[in-house]
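Feature annotation from TrEMBL assigns domain 'Cytochrome oxidase subunit I profile' to 1-339. Annotation comment: TrEMBL describes 12-34, 54-81, 93-120, 140-162, 169-196, 228-246, 253-275, 287-311, 323-338 as transmembrane segment.
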Amino acid sequence: FFLDHKRMGVIYFLLGLWGGFIGLGLSLLIRLNFCEPYYNLVPSEIYNYLITNHGIAMMFFFLMPVLIGGFGNYLLPFLLGLDDLALPRLNSLSVWLMVPSMFYMELSLIYGAGVGWTFYPPLSMQSSMGVGVDYLMFSLHLAGVSSLLGSVNFITTILLNLSFRVSVVVWAYLFTSILLLMSLPVLAAGMTMLLFDRNFGTAFFEPCGGGDPILFQHLFWFFGHPEVYVLILPGFGIVSHICMNLSNNDSSFGYYGLVCAMGSMVCLGSVVWAHHMFMVGLDVKTAVFFSSVTMVMGIPTGIKVFSWLYMLGTSYLRGVEPMVLWVLGFIFLFTVGGV
């Protein structure tokens, strides 16, 4: 078991590639099922298994290992001028926890967990769902512990070596790690309560025992929405760094604006989770609050997009260069997708 950050990053990339191919295979099966509307290539029950594990595989075992574990481990020491991260043994533990986590995710696919990637009760509390649901929740626990350890490592490394006008990528990983530290324990609490409801007779989310299934939705989406920014903030940092290198400037245009925009995304992104829950009967004032704060998120996003476009405008490369086209494609897809 080696401790070198570059090897750790490569292992994360390989694990992410493995998880990505699993998710891709499941999505291809979903699409094949749509080819003939009057004949189900995949039985309806197994189709639910595919939907559940496709979502989990793509989020927790493709995007997070590649964007956070892979790029983060590989790039941060270089950008901070270090030989390695501050806590290499903790880093090694976080990497190797992903292996049993992926194993239990695949085991849940074999046993079947047709509850959807959101695990909403009361469906997920039914014993008929089988042991696959328990395996999948245990897999998420392991992946969550891995991400928490990696976040502690990143925060320690960055805060011990933060310097004047350090790369925007470093700030992006600092904010990403803070978001993970805030949101992952809440998901772990919700999953643990659900496991106890399924196996030990508690009633946290069972209305007959005085529980409330809406509580689980609040716990899940308090993690689920910050997870969106966990996945996109490293991309924001990398695109900012690319734009800076393509431009004729020594540092990013609007450096403090880019950093403060990411900081405001962390703050605002942590208080808008219930916009995923408008159908559960939120009162009007609550719905207005969550809608309004969600719309305010467009301001820091606009700051970043216009800063990128300005840096590309001062670039020494023309629009036909692959690097410029790639960044323009990212900005276009991100803007259109956001609208």
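For all residues, glycine too, the Cβ spot is worked out from N, Cα and C.
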Range from 93-120, 140-162, 228-246, 253-275, 323-338 with most C-beta pairs under 8 A to the transmembrane segment (54-81): 140-162
Close approaches to the transmembrane segment (253-275) from elsewhere in its chain (Cβ under 8 angstroms; 6 or more beyond its ends): 165, 168, 171-172, 175, 178-179, 182-183, 218, 221-222, 224-226, 228-229, 233, 236-237, 240, 244, 247, 282, 286-287, 290-291, 293-294, 296-297, 299-301, 303-304, 307, 310-311, 314
Leading stretch by Cβ pairs under 8 Å, where the reference is the transmembrane segment (169-196) and the options are 12-34, 93-120, 140-162, 228-246: 140-162
Contact call for the transmembrane segment (228-246) against the transmembrane segment (287-311), three or more Cβ pairs under 8 Å: yes
Positions on the same chain near the transmembrane segment (12-34), where near means CB under 8 A and six or more residues out: 40-42, 47, 50-51, 53-54, 57-58, 60-66, 69-70, 73, 95, 98-99, 102, 105-106
